[in-house]
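Peer 1: According to TrEMBL, the record shows the following:
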TRANSMEM  98-118  transmembrane segment
TRANSMEM  182-200  transmembrane segment
TRANSMEM  212-230  transmembrane segment
TRANSMEM  250-273  transmembrane segment
TRANSMEM  294-314  transmembrane segment
TRANSMEM  355-375  transmembrane segment
TRANSMEM  387-410  transmembrane segment
TRANSMEM  416-436  transmembrane segment
Amino acid sequence: MFQSRVVAALVRRKEGFSRVYNTLIQSNSSTVLRHEPVRSFSSQTAKKCLFGVYGYRSFSKVHQVPSLRNMSTVASVASSKEGLRLLVTAGPRAQKMVGIWLFGSAAWVFSMVVLGGVTRLTRSGLSMTDWKFTGQLPPLSDEEWLQEFEKYKQSPEYKRVNKGMSIEDFKFIYWMEYAHRMWGRALGIMFALPFSYFLRKGYISLRLGLRLSTLFALGAGQGLIGWWMVKSGLEEPASEYTQPRVSPYRLAAHLTSAFIIYCGLFWTGLSVVMPEPPVESVAWARGAVKVRRFALPVSVLVGITAISGAFVAGNDAGHAYNTFPKMGDTWVPDDIFDMKPLIRNFFENTSTVQLNHRLLATATLVSIGTLWWSTRKLEIHPAVRSLIGSTFGMAALQVTLGVSTLLSYVPVSLGTAHQAGALTLLTLIILLNHTVRRPSMSLLKSLPQVVKTA
């Protein structure tokens, strides 16, 4: 009898029930709940809500804000209802399998970039004077080795740099280039087979399928770009005093293409396993917006600096001005604008290319340091704060590696470490941008104003 009167009173006075409902929700301080206005109530609805007062513990479990640990699982279950567009819609297990595959592919591309750096630093890239898309077997007999060696003897590099080289030394540089080429072809197979399997199982959405198909096409084209680059080094140089080397423009195109493929695979893998960014309050979401506004231009600067390093390598600019911070006896060399037209100096003039790389590297370090300093007091997720600190530390290490490489006249070990450091810094800046991206509207609506601690 008493309950019936209460129900009738709640039906007649909707606003009164809303105040009672919100008061009950706020009374439990141990659980962060989502507060939504009560718009209309029927008698049956009021009975259910009144029952929720007595069964409040079970009711509160339904409305808890998902924690960071199970955020991706919650997003997978609620995607159809909340409007979150997942790249893999076959459940958490499929998300994990596709994510591991994409991160494995990205790691393979990373190793390809490092191996390519070793190949260039050991001057092995011009040892193979022909190219086949499907690849070929290496020389298996002494006669076949002699045939390959004779082909190399016709190249400008042998005539001007390696004249008199023994066949054993030739085998070393040949194996380096052969390994680099076959490692790339193996990557294509490792990517294509799981891709076909996941497509057949229905794990991959149309949007993800189109993105991965584009990356696969870029990977196939990367081999063509690589041969296009090598071919430029097999041509006779314009001057008899110039050492044969690949075109810096083609080297930059080859390296930039590898960076794009790596970034695409890594970003897509993150989007698969972490469909929502780690935010647990509106305050943290606002802090992420402020970080994102600064992180985007910093990311562009990091990318430009990395590409400028390709022109340093393409022009062998690391073997000039092996002093720091000055370039020789001056801060700015006198010949930085000697080439005509003026634009050529920024890509072909050894002095200008090295000066550009120094200035860009310094600007990158200062900008990342400014990002770290300006976000010290922001309300942001601990993972975001840790990423910013790691990115700043990696930027400082990368500058240290660059200076050490220059002062040591570009040894293979330091030169390889410097190139790997550039890709590591790019990895961290991608991860930072992905972590502070805008969450879905459904997640934003569910967030409390601040994170409540027990």
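Cβ from N, Cα, C; glycine included.
Remember, TrEMBL labels are computer predictions, not curated facts.
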Peer 1: Count the CB pairs under 8 A between the transmembrane segment (98-118) and each of 182-200, 250-273, 294-314, 355-375, 416-436, then give me the winner.
Peer 2: 250-273
Peer 1: Under a Cβ pair cut-off of under 8 Å, which of the recorded stretches 250-273, 355-375, 387-410, 416-436 contacts the transmembrane segment (294-314) most often?
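Peer 2: Going through each listed stretch, the top one turns out to be 355-375.
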Peer 1: Could you tell me whether the transmembrane segment (250-273) and the transmembrane segment (355-375) are in contact, taking contact to mean 3+ Cβ pairs under 8 Å with a sequence separation of 6 or more?
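Peer 2: Taking Cβ pairs at least 6 residues apart, the transmembrane segment (250-273) and the transmembrane segment (355-375) are not in contact, as fewer than 3 fall under 8 Å.
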Peer 1: When you scan the chain for residues with a C-beta under 8 Å from the transmembrane segment (250-273), skipping those not six or more beyond its ends, what do you find?
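Peer 2: Beyond its ends, the transmembrane segment (250-273) has Cβ neighbours at 72, 87-88, 95-96, 98-99, 102-103, 105-106, 109-110, 112-113, 116, 120, 208, 211-212, 214-215, 218-219, 221-222, 225-226, 228-229, 232, 303, 306-307, 310-311, 313-314, 423, 426-427, 430-431, 434.
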